[in-house]
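Shown next, in structure tokens, is the structure this report addresses.
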Amino acid sequence: MGKYFGTDGVRGEANVELTPELAFKLGRFGGYVLSQHETERPRVFVARDTRISGEMLEAALIAGLLSVGIEVYKLGVLATPGVSYLVRTEKASAGVMISASHNPALDNGIKFFGSDGFKLADEQELEIEALLDAKEDLLPRPSAEGLGALVDYPEGLRKYERFLVTTGADLDGLKIALDTANGAASVSARNVFLDLNADITVIGENPNGLNINDGIGSTHPEKLQDLVTETASDIGLAFDGDSDRLIAVDENGAIVDGDKIMFIIGKYLSEKGLLAKNTIVTTVMSNLGFHKALDSCGIHKKVTAVGDRYVVEEMRQFGYNLGGEQSGHVIIMDYNTTGDGQLTAVQLTKIMKETGKTLSELASEVTIYPQKLVNIRVDNSMKERAMEVPAIAEVIAQMEGEMAGNGRILVRPSGTEPLLRVMAEAPSNEEVDYYVDTIAAVVRAEIGLD
């Protein structure tokens, strides 16, 4: 990670850390870096989620892009993967999404996509950071006809919706509960599933700028679980603020997380001979039960660091077409170049329809090991160096010794927040509590801020 860019773009508290001034510079410098080799006038697509700070940052970012002669297509509220899709299919120079994904409304973020629809390489981010830190802005300042023009492009949303529908199946007879997190999916998910002939009920569809992800969406699926059982729905689908992830709920109200979703889609593709190299790419956070289920089906796996960008890098480098995270980021490379919650939802419901199986039946092959994750607030300067603290390293080694191979421990820094995450898996909840609580107590004593 760089000084400004984390694992998912630039993030911070809106108007405090991520200011309009910084957004202007990101537009100006980011736009320049991504379009400096264009032979024609560059075009950049810009979208946002529903946060109250979105329009403020959008205006500043667009001003920066226009100031270096870039033509800006303003998409309005749209899911992050919609930007990625449109950049590729409309042959734009780049795309920019203004969102902090699953974070609360006070935060916001800015992430860039290259002309290929993928997030930026580290080298490009470092080039932008060098311009941000330069003592003087020496980039061109065109005037008159050299300035960029702003184009409102609401039809981008409709094109993305039509794309999603073309990948699905007729869902007539399927009852679906949707939770759009008062976020970007609130403008599209209803339309997509109605076009697929599903019988739908929707919550989290009334954004006011402040209620995005607020007790709702993929990080808070409790309301959706209640809705599924109350309406006797066949499946519940919960998206996060920018709709790049999906958490599902089965007909009994039980959570079906990213691991189980990847298994269901992966097994379906494998049985049809469509899973590239018969392999799924996942991260170190995936549950042991997921790995065991893949082994039982003869499906291979590749494991990366946490973060969908690392999953995508592995997929691109070795030609895999399915990967993702337990948190619900699922990348289906045959269709899109980034995690896409609505696309994943369309594929999951298509599999239910084609197989005639309930979601609980499809997910039953994955027996999840009890897992506990604790987030401990630490100084940003310490979260990357926690393992250098002798007491922390010692307690982790002690707990791993007690596990004797029947479980695992993962201690890692958050890529976007000042947190150290302590996770353990073991055969019983009691064992998990013991391992996590013991390690967390030492971390708090040594470097915790609470």
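Glycine residues also receive a Cβ, built from the backbone N, Cα and C atoms like all the rest.
Keep in mind that what you see is a predicted model, and the values were worked out from it rather than measured.
Pulled from Swiss-Prot, these are the features on record:
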type: ACT_SITE; residues: Ser101; note: active site, phosphoserine intermediate
type: BINDING; residues: Ser101, Asp240, Asp242, Asp244; note: Mg(2+) binding site
type: MOD_RES; residues: Ser101; note: phosphoserine
What number of additional C-beta atoms lies within 10 angstroms of the C-beta atom of Asp242 (Mg(2+) binding site)? 36
Excluding near sequence neighbours, so keeping only residues 6 or more apart in the same chain, what lies with its CB under 8 A of Asp240 (Mg(2+) binding site)? Ser101, His102, Ala181, Gly183, Asn213, Gly217, Ser218, Thr219, Gly328, Gly341
So what sits near Asp244 (Mg(2+) binding site) in its own chain, CB-to-CB under 8 Å and at least six residues off in sequence? Ala79, Thr80, Pro81, Ser101, Asp308, His329, Thr338, Gly339, Asp340, Gly341
Using a 10 Å radius around its CB, how many other CB atoms surround Ser101 (active site, phosphoserine intermediate)? 29
Give me the sequence-ordered set of same-chain residues, not including Ser101, Asp240, Asp242, Asp244, with a C-beta within 8 angstroms of the centroid of the Mg(2+) site's C-beta atoms. Asp49, Ala79, Thr80, Ser99, His102, Gly183, Ala184, Phe239, Gly241, Ser243, Arg245, Gly339, Gly341
